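Annotated features in TrEMBL:
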| type | residues | note |
| --- | --- | --- |
| DOMAIN | 620-785 | domain 'SSD' |
| TRANSMEM | 267-292 | transmembrane segment |
| TRANSMEM | 354-374 | transmembrane segment |
| TRANSMEM | 621-642 | transmembrane segment |
| TRANSMEM | 654-678 | transmembrane segment |
| TRANSMEM | 684-707 | transmembrane segment |
| TRANSMEM | 727-749 | transmembrane segment |
| TRANSMEM | 761-785 | transmembrane segment |
| TRANSMEM | 823-844 | transmembrane segment |
| TRANSMEM | 1113-1134 | transmembrane segment |
| TRANSMEM | 1141-1162 | transmembrane segment |
| TRANSMEM | 1212-1231 | transmembrane segment |
| TRANSMEM | 1243-1268 | transmembrane segment |
């Protein structure tokens, strides 16, 4: 029925109330509707006028001049009807003013008949009088007014969620798709549970006014802009709620330009220039050397050898001609040689006693293994206790409890990306619901609790943490839109909307909820809530994934998340929660194997990372054992002399090789046992890497010692023990040089701040030192026993058996030494071949450029084995998640929140500072590609202020009954609570006094949010992300003042972070922003000098290391290089040149290793750093033996001495280091763990190959050009 009343100014169509709307059921508010009552507008006077001025101030013309079409009772109903919506709009006064303006025009305007047209009435009987109740009408509004009103409200935010208020007031469309028409349609839809009747808003553009019915005039009043003050004194909206109010904020500066020199990449240009300088200097050196050679050739009376090198004919040594350095070198070599010779003789003479004593010492140390602690917690491994991230994590956990544990599934259906295909979501929801029910029903016997444990014993229950039931547990999933009820999921109903009747079902509810997740009731005839069964919202970006532009209905993945409490590891409940997670994984894996499962899904539990790392460690343990076995087999075979087939069992060195392996094992066990006694924890990296490192170092020394003994000829009258002592005296100084260099290198590496690197360095340093000590004792004794057996022609295994074939008188040099003497060294050091040094210099310069392009970080995928289910989870996580991890901006103690200035420095609503804490975070989110922040910070301060606003029902005082004067919750009747907590000042800027702040804060914190008051903060997750914890985050007795005694936090969201580089950059940007906020807030009077704002996210503690690992790595490696240089110089008698050449070669190996890391996609991280420190140690083995051999050679020319050192020591280094490492490294390629494949196989292979190339090719050539030339006197001393 359409209205036939007169449409003219000053006339009404409705007046007074006709009771509840009979067509509306299940309304959340009283659905009182007006009566059809055409007539002139009534004058408003007295109490009626005062109420009218309060509810509709925009229509006030002054007392005696104001006319309206609404009664006092209508005004009360109107005030109640709009109060819920206004509660979330009050933070922007002009928006709330415009919102009230819209409804005041349709309800109370004196020109009501020109604005509305009644379309439906229902006869009702009111106190015996028949009346027509209006249940539907049209409202004609000009688009100039509707658009301006909408624009003033579209950016108003809900502090608790960081989302837009308009998203809760636009039904199924959410904030993204909301328009003025859709916004008003929702306001006029009685099915939303808020509107008492249906209003068909007709928005008419000014140019189409002629199209409206005769007598109708589209309302075209003035709507305030959000940056305008209201006539009632309300201030302009804040920047966070109104872009027009934002001060001019300069955009972030341009990103740093890449380092360029001209048109070339800077480091590449530097590398080329450096290479050119090296080549030029080398060319100058060759030319000068040739000129000097020609000059000396003319003047010299000395003879020449075949290489045209000078050979002095005068061989008389004058003691005055021996320099100080020569004397030091002579004394050093004499003392060391004499000491180790005497030592070797003693060890060889008493082998059994020495071996027994060595076993006792090792056993004593090894008993400490009973006290050894194996650290598997990633936080304790990679984050130093005194690091900034660790201190911030400890502060956060102490004040707000640890971040909860996440257990998650991501479900997808290939080929069916959204609900529009074959009711896909229904099938998935039902399945997910069944799976969810089975997971929620997990129960098991717990010895720790001494009862049957269930989910509610360990779950995160934000609204009832004290005694949670199963439905109190925070479970985030799509079935939660239906409160996990199959009945609700299957509901269907007929619904008439704007005259059209259709069937609504789960689809309509789903579409509504993903766009309005905070709704307690949808707008469909289903009358279902969108809130989860535990009372919190289900935010769509956490429930679905794989969508574009917030089109949640086209999502390709569904996300199911169980949140559990995170207990300390020493808490008994920690084992309970881990057991629950183990059963969670078991159930999911069983479902995955079911044949009926026609979809794919990924899953993880909080314990998964640690479980998978431990699993792969156990599974790859045989790989390491095979690697060690291969190395042992090689050593046993390679050490043998094999002079004849008949003596093969006599000349083999199986037991010597086994003894060498046992020496390495004993040194590693002794090191671990010692630190077990001391209390320094170990790690899996130590267990895997230290034996490998010590084996490489130990095998080299074993080969040098054994091969030198085999090549030596026993002098006349010399007994076996004396020969062993003499051989040890010649090689032990070289072994001491390497061992001391490596051990001091590792001890200095223990200065690292990273616990894993520090403990590795300590364990490795002591193990290398113990290995040298055991080689000088137990291994010398073992070789003495083996030599005694070999001299007696006894077989190695069956010692009682002898062979008749005698040992050859001439020592067997084997294959490698003759090959190097006859072929390799001459070819390498040929005048033409020596130009190879230029190739190595080019490789060094190229690696310098590559070194600056190495990626820093360790993606968590690499820590997983290749067959891990976690790899699928990480793939799904990066593909489908549209929001990143939450980050909290934590304020430490020392800031006065209860002071008005303090509140304004934090909040973001009207009257707040334009550069407050939350406002600065808002500015940062406008540049997500730079700040890595996607969603602004939620603010409990803003919500507290809104909660206090008298325009909402949240904060009221009992005016009757036994609780008079106490806080009255919004659920109580208005008649019992007639007094508001505060009155709104004329400026619209509400701020509590210190007393009011402390009085009402406890009620705010304990007020559970509901439809009447969505601002309550009990459990806080009811108004924000389900996976979050307490929003207010105050750790203090609630009766105390908040002035300076409490810490607080404000949550924002990062953008999706895909790799280590993005996680690290996000941390740095968050810290930069927090520092800026800190400096500003310290300027506020009364703020403590040590007050600080810092960002905290659960990931920061893992990625902080990458902010400084480059500098720490350079420092660690430099510290390792220093002792290498110093020890080399000292043990060579202050030979600075040999020490420098030794150091330069090791630096080249290290730099080239980093360069190859870039080419082979090996990222730089703590594991790489451990291997690079190891590389320095292994490089010492490849380099130092040859350098010392060259320095002490008595041959007359550098080339000859380089040939001798290459053949003699190069063969031992090749057999002892290179060929010992390579077989074991190659075996590691078959490990399942990607971490082992990349950082142990690839990186150690690179280190070994580069060390071998530099030690056996580059270093001999380098020494042949630049090595020291000992004086004739020194040569004669060693020769004679």
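Glycine is no exception: its Cβ is also placed from the backbone N, Cα and C atoms.
Automated prediction, rather than curation, is the source of TrEMBL annotations.
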Looking only at the domain 'SSD' (620-785), what is the mean pLDDT?
85
Within-chain partners of the transmembrane segment (654-678) [C-beta distance under 8 Å, separation at least 6 from its ends]:
358-359, 361-362, 365-373, 628, 631-632, 635-637, 639-640, 686, 690-691, 694-695, 698-699, 702, 706, 759, 762-764, 766-768, 770-771, 773-775, 778-779, 782-783, 786, 796-797
What residues in the same chain, six or more past the boundaries of the transmembrane segment (621-642), come closer than 8 Å to it by Cβ-Cβ distance?
648, 651-654, 656-658, 660-661, 688, 691-692, 695, 699, 702-703, 706-707, 710, 812, 814, 1215, 1219-1221, 1223-1225, 1227-1228, 1230-1231, 1236
So, taking each listed stretch (727-749, 761-785, 1243-1268) in turn and counting its Cβ pairs to the transmembrane segment (684-707) that are under 8 angstroms, which one gives the highest count?
761-785
Touch test for the transmembrane segment (1141-1162) and the transmembrane segment (761-785), at least 3 Cβ pairs under 8 Å:
no
Would you confirm whether the transmembrane segment (761-785) and the transmembrane segment (354-374) meet the contact rule of 3 or more C-beta pairs below 8 angstroms, pairs 6 or more apart in sequence?
yes
State, in range form, which of 354-374, 727-749, 823-844, 1212-1231, 1243-1268 has the highest count of Cβ pairs under 8 Å to the transmembrane segment (267-292).
823-844
Residue numbers, six or more beyond the limits of the transmembrane segment (1212-1231), whose CB comes under 8 Å of its CB atoms:
616, 620, 623-624, 626-628, 630-631, 634-635, 638, 692, 695-696, 699-704, 707-708, 816, 1178, 1181-1182, 1185-1186, 1237, 1240-1241, 1244-1245, 1248, 1251-1252, 1255-1256
Would you mind listing the long-range same-chain contacts of the transmembrane segment (823-844), meaning Cβ under 8 Å and 6+ residues beyond its ends?
275, 278-279, 282, 1148, 1151-1152, 1155, 1199, 1202-1204, 1206-1207, 1210, 1253-1254, 1257-1258, 1260-1262, 1264-1265
Take the transmembrane segment (727-749) and find every residue of the same chain, 6 or more past its ends, with a Cβ under 8 Å from one of its Cβ atoms.
333, 336-344, 697, 700-701, 704-705, 708-709, 712, 757-758, 760-762, 764-766, 768-769, 771-772, 775-776, 780, 1116, 1119-1124, 1127-1128, 1131-1132, 1173, 1176-1177, 1180-1181, 1184-1185, 1188-1189, 1209
